[in-house]
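Since the structure comes first, as structure tokens, the remarks are kept for the end.
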Amino acid sequence: MVRSGNKAAVVLCMDVGFTMSNSIPGIESPFEQAKKVITMFVQRQVFAENKDEIALVLFGTDGTDNPLSGGDQYQNITVHRHLMLPDFDLLEDIESKIQPGSQQADFLDALIVSMDVIQHETIGKKFEKRHIEIFTDLSSRFSKSQLDIIIHSLKKCDISLQFFLPFSLGKEDGSGDRGDGPFRLGGHGPSFPLKGITEQQKEGLEIVKMVMISLEGEDGLDEIYSFSESLRKLCVFKKIERHSIHWPCRLTIGSNLSIRIAAYKSILQERVKKTWTVVDAKTLKKEDIQKETVYCLNDDDETEVLKEDIIQGFRYGSDIVPFSKVDEEQMKYKSEGKCFSVLGFCKSSQVQRRFFMGNQVLKVFAARDDEAAAVALSSLIHALDDLDMVAIVRYAYDKRANPQVGVAFPHIKHNYECLVYVQLPFMEDLRQYMFSSLKNSKKYAPTEAQLNAVDALIDSMSLAKKDEKTDTLEDLFPTTKIPNPRFQRLFQCLLHRALHPREPLPPIQQHIWNMLNPPAEVTTKSQIPLSKIKTLFPLIEAKKKDQVTAQEIFQDNHEDGPTAKKLKTEQGGAHFSVSSLAEGSVTSVGSVNPAENFRVLVKQKKASFEEASNQLINHIEQFLDTNETPYFMKSIDCIRAFREEAIKFSEEQRFNNFLKALQEKVEIKQLNHFWEIVVQDGITLITKEEASGSSVTAEEAKKFLAPKDKPSGDTAAVFEEGGDVDDLLDMI
């Protein structure tokens, strides 16, 4: 399609002859494909908000309506729309009024009519570009008698030309279709493979090649497109065109050095130019709606107050401070005008990336045609680059604007050099948050295997691909080439609503989703690391304890007496959860929810405490053998359940023996990370204060968790050699 830039005059010349409706079953006809391409191009132009004008010429129509027709010349060619700005009316015409014809017309005659439209309808208007686009299947007969005149006129009038065909200039097997890219739209492939075209189409294709090579040499063949390729390229709305306007100013360093500069907006957050407005629901005209604002006192009569009797107020806490327009003007900062003053310099490492703010980035160049300014600014840029430093700058757009503080850092390319300015925050712009470190808790500290798995995942998801031959990096996900999906969706919905006022809005187009998905190469590479992540970070259901009702606590039981009621209250009220509803099916301690299974078994006495505890201990040892933090946490839950139930059922000695044996096994297997979690959670021996059957004091329980000092090498040697206590004292 015509390249964006200055104002252009574009003629869309579409073949609507009866052969355009022929197609292979299951594939759209060339007529429908051409219609889609034209629709997409026009809607891009409508929302691009530029000044390009578009005309529409149809050939192969049943009637004839063009200024060159006469006798049997230029028949079945219609100028459907003259040169003017594109709008929704044109889109509606393309959708509903353009229908296949029953005739055929010479595409070279249609080209001459299109040239005539451009030549006559651009008189008195200033266009930088003149362009014709022809959509045809080349099936109609044509005359080559005026071919040289056509080529000469195109060159003389500086009219560029493009052809759009249902096939492409690929290999003989048709595999060269440029529409066969990774984003090719399903069902929009070329209607005819190149090897299946007719002799008439082959002859027409040779004429098209001859014309394009005569106009632009071998590069002219690049201006012959297939419908499928065009649909892929036009599936996104064209970005709104913005022309760069330079901002002249003086870069000052101190009071004696001044450099004339011109700054351009390099990056600016884009906003939709057209805004929402209120119109009459029936006439759809803004003029039919009048808006009137009335101010009234908050009294019973709602007394009207004139606008002149109202001043604004600033709410400060619960008070309102009156602040008139005069006060507001006096409060405003009074500057001398536009400003770009260097406050000082610092190392580039001191300005961290997270401090960049604002909604624009400026590129600062020397003023045009000022050689002294160019030399001075170039010296500053190279000095900053050599010293790895940046300039801290005071920036004010004009005398009405509040000043900013920003950073200007050197930017040197092979064909230009400049300063790049980015705004920096003031104190009030910073948001300070304090978070506790995850390293403080041994419970949540990742293992080495988990860290390596996450590292592998990050490496596999890298969006930069290195080319080993050229030693360069290729960006697999260039965000600067991805259109804003918000704009795409807005334009899609506005277009649909304009053409179909009563139909519901369409779903988001699939190509928009595809643009936002990670590249297929990255997705494939990350599958293996992702599966390892799932293995090393298992999801364990965190069950929330439900509130216990009186009915659930005091349920019917054949045992009578205060002892039975007391036992039921203690056992039922302490650990009730949703899983307890399925207690009847628990016959042993399982590996999925061992702590809860253990509680159910000892509570319902389906197994002896000794048998249930042995099953629980077996699972604890299995979890520890995995040497993985998630299973360590499961073991902690089991130990905690064992301790609580042991106190209830007077089995404190059994738990204490287990915990002592566990400590020895942890030391042998060097599971220091697990024991740190035990110590951190304070899981120790059951003391006689907690259960009367225990002989462990609180001091002994505390000492049990205290870290043990490792004996020195000499001390260990004494015991190995059979030394007694006196020998040990002599060594000390």
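Cβ atoms are placed via backbone N, Cα and C, with glycine included.
Listed features, source Swiss-Prot:
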type	residues	note
CROSSLNK	K195	SUMO2 cross-link
CROSSLNK	K532	SUMO2 cross-link
CROSSLNK	K534	SUMO2 cross-link
CROSSLNK	K566	SUMO2 cross-link
CROSSLNK	K568	SUMO2 cross-link
CROSSLNK	K669	SUMO2 cross-link
CROSSLNK	K688	SUMO2 cross-link
DOMAIN	9-231	domain 'VWFA'
DOMAIN	253-452	domain 'Ku'
MOD_RES	K144	N6-acetyllysine
MOD_RES	S255	phosphoserine
MOD_RES	S258	phosphoserine
MOD_RES	K265	N6-acetyllysine
MOD_RES	S318	phosphoserine
MOD_RES	K332	N6-acetyllysine
MOD_RES	T535	phosphothreonine
MOD_RES	S577	phosphoserine
MOD_RES	S579	phosphoserine
MOD_RES	S580	phosphoserine
MOD_RES	K660	N6-acetyllysine
MOD_RES	K665	N6-acetyllysine
MOD_RES	T715	phosphothreonine
MOTIF	720-728	motif 'EEXXXDL motif'
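On the structure: features taken from Swiss-Prot.
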{"residue": "S255", "record": "phosphoserine", "Cβ contacts under 8 Å, 6 or more apart": "none"}
{"residue": "S258", "record": "phosphoserine", "Cβ contacts under 8 Å, 6 or more apart": "R250, L251, T252"}
{"residue": "K265", "record": "N6-acetyllysine", "Cβ contacts under 8 Å, 6 or more apart": "S244, Q360, V361, L362"}
{"residue": "S318", "record": "phosphoserine", "Cβ contacts under 8 Å, 6 or more apart": "none"}
{"residue": "K332", "record": "N6-acetyllysine", "Cβ contacts under 8 Å, 6 or more apart": "none"}
{"residue": "K532", "record": "SUMO2 cross-link", "Cβ contacts under 8 Å, 6 or more apart": "A453, A456, L457"}
{"residue": "K534", "record": "SUMO2 cross-link", "Cβ contacts under 8 Å, 6 or more apart": "none"}
{"residue": "T535", "record": "phosphothreonine", "Cβ contacts under 8 Å, 6 or more apart": "none"}
{"residue": "K660", "record": "N6-acetyllysine", "Cβ contacts under 8 Å, 6 or more apart": "L685"}
{"residue": "K665", "record": "N6-acetyllysine", "Cβ contacts under 8 Å, 6 or more apart": "E621, L624, L671"}
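Residue environment of K688 (SUMO2 cross-link) contains 15 other Cβ atoms, counted within 10 Å of its Cβ in all protein chains.
Cα spacing between K688 (SUMO2 cross-link) and K144 (N6-acetyllysine): 112 Å, rounded to the nearest whole number. With a cut-off of 8 Å between CB atoms and residues at least 6 apart in sequence, the same chain places L624 near K669 (SUMO2 cross-link), listed in sequence order. Around K144 (N6-acetyllysine), the same-chain residues at least 6 positions away in sequence with a Cβ under 8 Å from its Cβ are L108, I207. In this structure, S258 (phosphoserine) is part of a beta strand by DSSP. If you average pLDDT over the domain 'Ku' (253-452) in this model, you get 88.
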